[in-house]
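Undergrad: Copying in the features that TrEMBL gives for the protein in this structure:
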type: TRANSMEM; residues: 7-25; note: transmembrane segment
type: TRANSMEM; residues: 31-48; note: transmembrane segment
type: TRANSMEM; residues: 55-76; note: transmembrane segment
type: TRANSMEM; residues: 82-101; note: transmembrane segment
type: TRANSMEM; residues: 113-134; note: transmembrane segment
type: TRANSMEM; residues: 149-168; note: transmembrane segment
type: TRANSMEM; residues: 175-196; note: transmembrane segment
type: TRANSMEM; residues: 202-219; note: transmembrane segment
Amino acid sequence: MSKFKILTGLVVLLYVLSITFQFIGNNDFSYNFESLILPTITIIYFLYVEKRSLFFSLFLVVYSISDLSILVSDYIPKDVDYFLGNSLYVIAYIFLLAEVFKSLNIWHVVKNFKMHIIVLMVLNVYLVYVLQVIVDPQAELGNEYYMELVYNVVTFLLLSVALLNYFYKDDKRSLYLFIGALCIVFSEIIDVAYLYITQRSLLNVSSITLAVASFYFFFQHSKLNGEESKAIL
């Protein structure tokens, strides 16, 4: 059996274990197994993708570091764990934004998609406002509200830019990136509902599933790096 199949099987096993422990109510084991999924995907990326993108590589590495920090969260003060972990996620998303921007003709997009940009801006402001209304009464740490604000702004900006990138390029690679961004944003929204509204297992399982799906599409996007993208008919 090839190493690729073994590592892919490990990702599936970690996912199954994570959602299984979530359903039986053992959140600690669920989080620990979940925290190993992306680092394993990152290993697969560095082993099997030849033409690697700098920004996408940094996105995977920084995101993986934040995920792995979950394993030692019991030994870190709560406020340090929260702000350090979320700051790393924000930095990771900024690297992913840079990955999109590096091949995007901003002037062309602004010129040809004015109405799209306006609609996306209004929608993003509304969605961020709704999420902040949810977070505000539940925020336990002093600056948690502002951390969540920055986090939400960056994630919705990522989704909007990925969508504009797809409008601009209309190819398979940009489609994978957009679907990945869509999955990860929905994962984050569900995670907010799980953390601040009701801690139902199904919500967290849905969040984990969407996160794993997002990285599948990001991985497919990265495999096309340096290759001629096939136009979608």
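Cβ atoms are placed via backbone N, Cα and C, with glycine included.
Predicted automatically and left uncurated, TrEMBL annotations should be read as such.
What you see is a predicted model, and the numbers here were worked out from it, not measured in a lab.
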Undergrad: For the transmembrane segment (31-48) and the transmembrane segment (202-219), decide whether they are in contact, meaning at least 3 CB pairs lie under 8 A, counting pairs 6 or more apart in sequence.
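TA: When sequence-distant Cβ pairs are counted, the transmembrane segment (202-219) touches the transmembrane segment (31-48), since at least 3 lie under 8 Å.
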Undergrad: Could you give the residue numbers and ranges of same-chain residues that sit at least 6 residues beyond the transmembrane segment (82-101) on either side and whose C-beta is under 8 angstroms from one of its C-beta atoms?
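TA: Hits for the transmembrane segment (82-101): 53, 55-56, 58-60, 62-63, 65-66, 69-70, 73, 76, 141, 143-144, 147, 150-151, 154-155, 157-158, 161-162, 165, 177, 181, 218.
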Undergrad: What stretch of 113-134, 149-168, 175-196, 202-219 shows the most Cβ pairs under 8 Å to the transmembrane segment (7-25)?
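TA: Of the candidates 113-134, 149-168, 175-196, 202-219, 202-219 scores highest.
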Undergrad: Let me spell it out: take the transmembrane segment (113-134), skip the flanking residues so only those 6+ beyond its ends count, and list any with a Cβ under 8 Å from a Cβ in it.
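TA: Contacts of the transmembrane segment (113-134) (Cβ under 8 Å, skipping residues fewer than 6 from its ends): 145, 148-149, 152-153, 156-157, 160, 163-164, 167-168, 189, 192-193, 196-197.
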